Amino acid sequence: MKRKLILEDGTVFTGHAIGSTKETTGEVVFNTSMTGYQEILSDPSYCDQIITLTYPLIGNYGTNRDDFETLLPSAGGLIVKESAIHPSNFRNIGTLDDWLKEHDIPGLTGIDTRMLTRLIRDRGTMHGRLAAETADEKAIIESLQSFVPSKDKVAQVSTKNAYHAPGAGRRVVLMDYGAKHGIARNLIKRNCDVFVMPYNATAEEILKLDPDGVMLSNGPGDPEDVPEAVEAVKNLLGKVPVFGICLGHQLLSLAGGATSSKLKFGHRGANHPVKNIRTGKVDITSQNHGYTIDRDSLMGTDLMLTHVNVNDNTVEGVAHEYYPAFSVQYHPEACPGPNDSNELFDQFMSMIDKHKKASTAV
Ligand SMILES: NC(=O)CC[C@H](N)C(=O)O
């Protein structure tokens, strides 16, 4: 069956349908990772977005039980040049097409994904619709031009109820703004006693759990759309060590007085170089974000710039001058991607221990 991708600038690509039969509208973004499609598709930060993978053959190792970043994927759609029909891997339990059908995500194959990516790089991220071959292009283009994406994506993907993953070590509250499982996995690996809280938990509710540290997760959408989370983080600063990843980094930065804006086409991939400006060390990082913290807006706040993107000099990390709080725009949990910056979780553990010692010493 044929299917079209219609973009708000009027460009139309015609290819073949895979996955769900439903139609979908969303922001069309590209990711340059060569592998990790199951993790990407199940990363809640992609909620409602239509993801183009630039690597031309996707699905060759199939799908499996283990590589989920959330059990209920919320990605809007997938576009690939070619989707493998005969995957081979010892963990494989089904093709990418089967997986997309099971999770009700529509896909498109057989289009020139290189051309689509260049278009997005030149014109910036655009809205698009995955539609039937017979769809009325003119009407769809008009509706795309005035399309306003939902502002409550975080509420959509965050857990509705608090829950607990018991551990014998440090007590960490994980704020779930659409958290990837990789973050909890890293805390659990370090023996943490993890309390997962919904995105709108107040600082008072969080502090009532008497945490040793608070982890702010990744999540979808514009950080300015979750003012309640910014407010909670503001009220946590100085009271408990805080570590933020991606959306969590943006929320910590907004809480510290910085501002955010939208990047032309975002950073999505598994080989983004990031420089630690204190040590000069460059890590190759996994990234997935469309917004960034404005570098100039850090001036006059108590936030220090700690990491920059080597490609475009954007802000990749900040730390609070006086309080135990730091954050990064990239993904130390990887999934998919390199593990270069995994030690940031250990830094968080040390920060927690130092803070504990300081607060118990009289
Ligand atoms: N992965 C994330 O947490 C992304 C943060 C935010 N939604 C952005 O696009 O910038």
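Any Cβ shown, glycine's included, is placed from N, Cα and C.
The annotation active site, nucleophile is assigned in TrEMBL to C246. Within 10 Å of the Cβ of C246 (active site, nucleophile) there are 30 other Cβ atoms, across all protein chains.
According to TrEMBL, the feature active site maps to H331 (among others). In three-state terms derived from DSSP, H331 (active site) belongs to neither a helical nor a strand segment and is classed as coil.
Residues annotated as active site in TrEMBL: E333 (among others). Using a 10 Å Cβ-Cβ cutoff, E333 (active site) registers 26 neighbours.
Summarising the annotation, TrEMBL assigns L-glutamine binding site to S45, G219, G221, L247, Q250, N288, G290, Y291. Note: Q250 (L-glutamine binding site) has non-local neighbours P223, G244, S260, H289, Y291, I293, Q329, i.e. same-chain residues 6+ apart with C-beta under 8 A of its own C-beta.
The annotation domain 'Carbamoyl-phosphate synthase small subunit N-terminal' is assigned in TrEMBL to 1-131. Note on the domain 'Carbamoyl-phosphate synthase small subunit N-terminal' (1-131): its mean pLDDT in the predicted model is 98.
The feature region 'CPSase' is assigned by TrEMBL to 1-170.
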TODO: Taking only the Cα atoms, work out how far S45 (L-glutamine binding site) lies from C246 (active site, nucleophile), in Å, as a whole number.
DONE: 9
- [ ] Output: those recorded positions from G219, H331, E333 whose CB lies less than 6 Å from an atom of ligand 1, in sequence order; none if no residue fits.
- [x] G219
- [ ] Using the recorded L-glutamine site (S45, G219, G221, L247, Q250, N288, G290, Y291) as reference, state which further residues of the same chain have their Cβ within 8 Å of the centre of those residues' Cβ atoms, listed in sequence order.
- [x] N218, P220, D222, P223, C246, H289
Task: Cβ atoms near G290 (L-glutamine binding site) (within 10 Å, other residues, all chains) - done: 19
